[in-house]
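Undergrad: Starting off with a structure, shown below.
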Amino acid sequence: MVEENHTMKNEFILTGFTDHPELKTLLFVVFFAIYLITVVGNISLVALIFTHCRLHTPMYIFLGNLALVDSCCACAITPKMLENFFSEGKRISLYECAVQFYFLCTVETADCFLLAAVAYDRYVAICNPLQYHIMMSKKLCIQMTTGAFIAGNLHSMIHVGLVFRLVFCGLNHINHFYCDTLPLYRLSCVDPFINELVLFIFSGSVQVFTIGSVLISYLYILLTIFRMKSKEGRAKAFSTCASHFSSVSLFYGSIFFLYIRPNLLEEGGNDIPAAILFTIVVPLLNPFIYSLRNKEVISVLRKILLKIKSQGSVNK
């Protein structure tokens, strides 16, 4: 009987959104549109950076990887969420949960380190422009990017491995729209203290290191900007950093609320708005934040549009 109960509770029901038929249809359309825009926007930015030699610099390599990470985040969460709007059971197995969280944790941890790498790149470009190619070499850029993804994989392996020490024998309703670790911990019949402690330590360490790197970089950047005598130089430096800082604020604000706050295991209705911001809104906005405020990207886009327009005129 114990074995039967244990097996039965290896399947869960996601109950994060409304069951109202009209609202379900509306939400499906909205989130499907967001999903398409997110994937197309981010993949387009990756393709733009990959295909134009002018953008093969450390900053754009980091931005390209951030765009790739954001598209992976959308692909890890949204398809199952859209399926559940019209699925009667809204069921997800423990193994599906583990896979979904593994990919989400990997890409979001990589995101943290990539954002810190972009901050360091901006620090070198603004505070030490003459030494930029020495301090921010292509080799270092590749090492930082590779390290971000390795750290993401290791971080997710730890948490996914610890999920399988838990036993689920009570309610199997997850009050969320995707399978995160905290909602699973709330359903565990085994005390999840170790899981919660490891989550707090490792997620906290990642946050402290990456946020610390971002803040220190921006502190030096601000000090350098205020010392600039040229108004044009100051405006250009502010413009360069504004888009990155906007993305950092949205991303870290939501992730801090989700994983670093006290009383993590309290019932998670309040998790959903922050999770929507973290997993859906931020990946949607990032390609527009990075491209629309970036003169290099806009310049390349204009050249592409002019080329397409001129080719169209010739064909006519």
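Using N, Cα and C of the backbone, Cβ positions are placed for all residues, glycine too.
Below, the features straight out of Swiss-Prot:
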| type | residues | note |
| --- | --- | --- |
| TOPO_DOM | 1-25 | topological domain 'Extracellular' |
| CARBOHYD | Asn5 | N-linked glycosylation site |
| TRANSMEM | 26-46 | transmembrane segment |
| TOPO_DOM | 47-54 | topological domain 'Cytoplasmic' |
| TRANSMEM | 55-75 | transmembrane segment |
| TOPO_DOM | 76-99 | topological domain 'Extracellular' |
| DISULFID | Cys97-Cys189 | disulfide bond |
| TRANSMEM | 100-120 | transmembrane segment |
| TOPO_DOM | 121-139 | topological domain 'Cytoplasmic' |
| TRANSMEM | 140-160 | transmembrane segment |
| TOPO_DOM | 161-196 | topological domain 'Extracellular' |
| TRANSMEM | 197-217 | transmembrane segment |
| TOPO_DOM | 218-237 | topological domain 'Cytoplasmic' |
| TRANSMEM | 238-258 | transmembrane segment |
| TOPO_DOM | 259-271 | topological domain 'Extracellular' |
| TRANSMEM | 272-292 | transmembrane segment |
| TOPO_DOM | 293-316 | topological domain 'Cytoplasmic' |
Undergrad: With Cβ-Cβ distance below 8 Å and at least 6 positions apart along the chain, what are the contacts of Cys97 (disulfide bond)? List them in sequence order.
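TA: Long-range Cβ contacts: Phe12, Val163, Cys179, Leu184.
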Undergrad: Restricting to the same chain and to residues at least six past its boundaries, which positions have a Cβ under 8 Å from a Cβ of the transmembrane segment (55-75)?
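TA: Distal contacts: 35, 38-39, 41-43, 45-46, 48-49, 103-104, 107-108, 110-111, 114-115, 117-118, 121-122, 125, 136, 138, 140-141, 144-145, 148, 279-280, 282-283, 286-287, 290, 296-297, 300.
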Undergrad: Write out how many residues of the topological domain 'Cytoplasmic' (218-237) are helix, how many strand and how many coil, based on DSSP.
TA: 17 helix, 0 strand, 3 coil
Undergrad: How about long-range neighbours of the transmembrane segment (238-258): same chain, 6 or more residues beyond its ends, C-beta under 8 Å?
TA: 108, 111-112, 115, 118-119, 122, 125-126, 180, 182, 207, 211, 214, 218, 221, 225, 271, 274-275, 277-278, 281-282, 285-286, 289-290, 293-294
Undergrad: Report, as numbers and ranges, which residues of the same chain sit near the topological domain 'Cytoplasmic' (47-54): CB under 8 Å and 6 or more residues beyond its ends.
TA: 60-61, 63-64, 67, 296-297, 300-301, 304
Undergrad: In three-state terms from DSSP, label Cys189 (disulfide bond) for me.
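TA: Coil, per DSSP.
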Undergrad: Across the topological domain 'Extracellular' (161-196), what are the DSSP residue counts per state (helix, strand, coil)?
TA: 14 helix, 2 strand, 20 coil
Undergrad: In the topological domain 'Extracellular' (76-99), how many residues does DSSP put in helix, strand and coil?
TA: 16 helix, 3 strand, 5 coil
Undergrad: Within its own chain, what residues at least 6 apart in sequence put their Cβ under 8 Å from the Cβ of Cys189 (disulfide bond), listed in sequence order?
TA: Leu166, Val167, Phe168, Cys169, Gly170
Undergrad: Counting only residues 6 or more past its boundaries, what in the same chain has a CB within less than 8 Å of a CB in the topological domain 'Extracellular' (76-99)?
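TA: The answer is 10-17, 24-25, 27-28, 31-32, 34-35, 38, 107, 160, 163-164, 168, 174, 177-179, 184, 279-280.
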